[in-house]
Each structure stands twice: as C-alpha cells, then as structure tokens.
Amino acid sequence: MENFQYRNGELFAENVSLQSIAETYGTPCYVYSRAHFEARFSEYTNALSGCEHLVCYAVKANSNIAVLNVLAKLGAGFDIVSVGELERVLAAGGQANRVVFSGVGKTPEEIARALEVGIYCFNVESEAELERINNVAGKLGKVAPISVRVNPDVDAQTHPYISTGLKDNKFGIDIARAPEVYARANGLPNISVQGVDCHIGSQLTDTTPFLDALDRVLTLVDELAGRGINIHHLDLGGGLGVRYKDETPPSTADYIAQVRARLGDRKLKLMFEPGRSIAANAGVLLTKVEFLKLNEHKNFALIDAAMNDMIRPALYSSWMNLIPLRPHQNTESRRYDVVGPVCETGDFLAKDRELCIEEGDYLALCSAGAYGFTMSSNYNSRGRAAEVMVDGETPHLIRARETVADLMRGEALLPD
Ligand code: LLP
C-alpha cells in the first residue's frame with residue numbers, strides 16, 4: 001500500500017491526512033489513491049510494450065465512474081459483465097470498442113445494447129449463448145465479434161468461491177469441446193470469430209496455474225489454425241493476486257514476461273482483464289470505533305462499518321489488515337474481534353487482532369479498493385458508504401453517502 005503511509009504518527013493517502021477525510025466526510029468511507037490505480041494499470045501496459053495488446057480493467061472490482069474515468073484516460077479497455085457496467089464505462093468516457101463482455105447469463109437486451117454501441121468482443125460462455133448472440137445480431141443486421149471462453153480444467157489453488165477454471169465450475173466451455181464450438185461459430189452468419197479467452201480464478205499468488213492454462217489454450221489455437229480457423233487475440237482474463245497479509249504474488253512484469261516467452265512466434269494480440277491487482281491496494285475503508293465491549297473471555301471492538309460495507313471477511317474468511325489512523329503510544333493493548341452493528345454473528349471485519357484502541361478512534365481496513373464497495377449492500381437498511389478519491393493534495397467526493405430517502409427510492413405502499 002505504497003500510497004498509504006504514516007507521516008508524523010498519522011496515516012496519509014498520498015498527501016492527505018485520512019483523519020481529516022474521516023472528519024469531513026464521515027465514516028464508514030472508502031478512500032482511494034488515484035496514483036495507485038494509474039501506477040498499477042501502467043505496469044500492465046509497460047510490460048506489454050512492443051506487443052499488440054489491450055488491457056481491459058475488470059469493472060466489477062471497483063466500478064465508481066471516477067475510477068473508470070482515471071483508467072479510461074490511460075487508454076484502458078474494460079471487462080464488463082452486465083449492461084449496468086457497460087453504461088458506467090460509457091458514462092465515464094470509456095470507449096465501447098475497447099470493451100469485452102464476459103459472464104454466463106447475458107440477456108438478449110444486454111447483447112443488443114452491446115452490439116448497438118459496438119463493443120470489441122463477447123466472451124461466449126456456452127453454446128446456447130453463442131446461438132443467442134447470433135440471433136440477436138441477425139435481427140439487428142450486425143455481426144458480433146466473439147471469443148470462446150474455454151475452461152481449461154486447471155486448479156487455480158485459490159479459495160473455492162473464486163476459482164473458476166475447473167470442470168465443476170459454471171464458467172466457460174470445456175476446452176475439449178472448444179474445436180466443435182469454434183467450427184459452429186465459424187459457420188454462423190452473424191458471428192465473427194476473433195479470439196480465445198480464459199479466466200481461471202482470482203487472487204492467484206503463483207504463475208504456474210496461469211502458465212498451465214496458457215499451454216492448453218495455445219494447443220487449442222494451433223489446432224484451430226490447422227482447421228483453418230484463425231485466432232487473432234488471446235485473452236488471459238484477470239486473477240493476479242495481491243498482498244493482503246504476507247502473500248508474495250508475482251509482479252505484473254514477471255507474470256507478463258513469462259506469458260510472452262511462451263507465445264513463441266505466434267502473432268497474437270494479448271489481452272488481460274485485471275481487477276484486484278489494479279484496485280485492491282488503491283483503497284482503504286475508514287471506520288470509527290463506537291464502543292469497546294470487554295467481556296470475560298473476549299473483547300469486542302464495535303465499529304461503524306459492517307458486513308454490508310465490506311463482505312469479504314464474512315464471505316471468504318478473508319484476512320484484511322486493520323490499522324489505526326493515529327496510533328496511541330500509551331493505550332493498553334488488547335486482543336479484539338472487530339465487529340459491526342449488523343445483526344449477524346458473521347458480521348466481523350477482523351478477528352483476534354492485537355490493537356491499542358479507544359472509543360472514538362478511526363481505523364483503516366487495508367486493501368479494500370477491490371470487491372469492497374461493489375459488493376456492498378443495504379442490509380439492515382444501512383446506506384452505502386461515501387467514496388473519496390485522493391489526487392495528490394486534494395480529496396474528491398466521488399460518491400455521496402446514501403441517505404434514508406435513497407434507501408426507500410422506488411418503493412410504494414399498497415392503496416388503502
Ligand atoms: N475476468 C473475469 C471473467 C472475472 O470473472 C474476473 C473476476 C476478473 C476478470 C477479474 O479478476 P481479478 O483480476 O480481480 O482477480 N469477490 C471476490 C473476487 C471475485 C472475482 C470474480 N471474477 C473477492 O473479493 O475476492
């Protein structure tokens with residue numbers, strides 16, 4: 001978290017004190033560093049220089065339009081999974097012809113909108129979807145560019161909920177069936193075969209599963225070429241891990257160098273769909289300690305953020321670092337479970353943490369820039385948090401905290 005550092009006993013985001021942000025905008029509040037998004041995105045494009053490429057940021061990781069706009073200005077493409085994400089990209093100034101559309105359940109309306117704005121490619125996840133895209137494109141008098149998302153059956157060695165490249169997962173088409181599916185696609189009048197796609201999982205901390213998947217995909221590309229079906233691009237999805245605690249994921253540069261080395265003399269445009277590796281360490285979630293509840297066997301720190309603001313610890317048992325904005329020198333250290341106000345035992349952000357804290361203190365949950373706000377909900381009728389992006393010396397409010405009126409918008413009483 002290079003852009004979040006202590007200075008004179010106080011935690012900063014770039015050149016802005018996080019305590020001042022907490023006091024100005026209230027808590028819970030997500031705070032992002034613009035510089036971090038830019039640096040991480042540029043690592044991808046730098047590592048790909050000299051090779052035709054498109055880096056499509058995975059919008060699901062953090063879809064605030066200010067984040068998308070910062071990346072669009074660097075020439076980013078975008079990986080989307082819904083028409084909502086597509087409209088966000090367009091509203092943020094992203095280019096439709098740099099968008100890839102992933103996801104297993106694309107509706108006819110979503111496909112039509114993507115064709116209307118002219119996206120770069122559909123990542124097709126099933127044979128039924130291929131037929132649907134062909135039909136919708138036919139009705140609109142268009143030809144849809146597609147890749148087949150193949151499932152290479154490799155174990156990404158990550159949490160089972162975020163592993164996607166095994167035969168048992170719902171994603172993609174079994175790589176063994178892929179040649180037949182490509183043959184079918186090639187014969188459809190409103191389909192244009194462009195590439196091959198795979199995404200095997202998220203938070204990978206070793207390159208071996210990526211390279212195993214790549215080898216299988218390259219074998220497929222060669223086999224298709226032998227059958228006269230030429231693949232122009234290779235989309236390797238996202239998945240590169242980050243450090244939450246003590247993980248040592250490969251650097252983006254190393255990962256991409258290893259991929260490039262395996263391509264040999266094949267002339268393939270290289271595409272990636274990174275989410276977490278760009279966004280996770282670009283953000284923190286600020287929260288306030290409301291009460292300290294010291295029980296006989298356990299101490300609880302009750303904070304104002306909850307599982308509705310950040311569900312990763314509850315859903316995946318994720319460990320995320322929790323640090324004070326202004327560490328105390330003389331406060332007693334105790335071991336706490338750090339829990340929110342939601343009425344669920346699973347509502348915790350951290351367990352068994354040694355902390356020197358007092359009521360009223362502010363804390364930062366680290367590495368919260370990816371799959372934080374985007375997975376938040378209104379459970380317990382809690383408004384979603386504010387989001388702030390720091391740019392050098394300046395904090396910008398990029399999403400206002402939800403109000404009670406926001407919570408009831410669109411609801412209606414029955415008539416008397
Ligand atoms: N492409 C596709 C098709 C995906 O399904 C995903 C993530 C990505 C790209 C981006 O993967 P990344 O680079 O972020 O690993 N909520 C979970 C992570 C779910 C990932 C879903 N798919 C978490 O908080 O750990």
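Going from the start of the chain as shown, residues are counted 1 onward.
Including glycine, each Cβ sits where the backbone N, Cα and C put it.
Remember, TrEMBL labels are computer predictions, not curated facts.
The domain 'Orn/DAP/Arg decarboxylase 2 C-terminal' annotation in TrEMBL covers 29-369.
Annotated domain 'Orn/DAP/Arg decarboxylase 2 N-terminal' per TrEMBL: 35-280, in sequence order.
Annotation comment: TrEMBL describes Lys60 as N6-(pyridoxal phosphate)lysine. In three-state terms derived from DSSP, Lys60 (N6-(pyridoxal phosphate)lysine) belongs to a helical segment.
Annotated pyridoxal 5'-phosphate binding site per TrEMBL: Gly239, Glu273, Pro274, Gly275, Arg276, Tyr371, in sequence order. Using a 10 Å radius centred on the Cβ of Arg276 (pyridoxal 5'-phosphate binding site) and all shown protein chains, the other Cβ atoms total 27. According to its DSSP assignment, Arg276 (pyridoxal 5'-phosphate binding site) is helical.
In the three-state DSSP scheme, Glu344 (substrate binding site) is classed as coil. Per TrEMBL, substrate binding site is recorded for Arg276, Arg312, Tyr316, Glu344, Tyr371.
Annotated active site, proton donor per TrEMBL: Cys343, in sequence order.
Comparing Cβ neighbour counts within 10 Å across the binding-site residues Tyr316, Tyr371, the minimum falls on Tyr316.
Nothing from the recorded positions Tyr316, Cys343, Glu344 places its Cα within 10 Å of the Cα belonging to Tyr371 (pyridoxal 5'-phosphate binding site).
For Cys343 (active site, proton donor) paired with Arg312 (substrate binding site), the C-alpha to C-alpha distance reads 17 Å. Around the Cβ of Cys343 (active site, proton donor), 9 further Cβ atoms fall within 10 Å across all displayed protein chains.
Here the binding residues for substrate are Arg276, Arg312, Tyr316, Glu344, Tyr371. Their largest Cα to Cα distance works out to 27 Å. Looking at Lys60 (N6-(pyridoxal phosphate)lysine) and Arg312 (substrate binding site), their Cα atoms lie 14 Å from each other. The binding-site residues shown are Arg312, Tyr316, Glu344; of these, the one with its CA atom nearest the CA of Arg276 (pyridoxal 5'-phosphate binding site) is Arg312.
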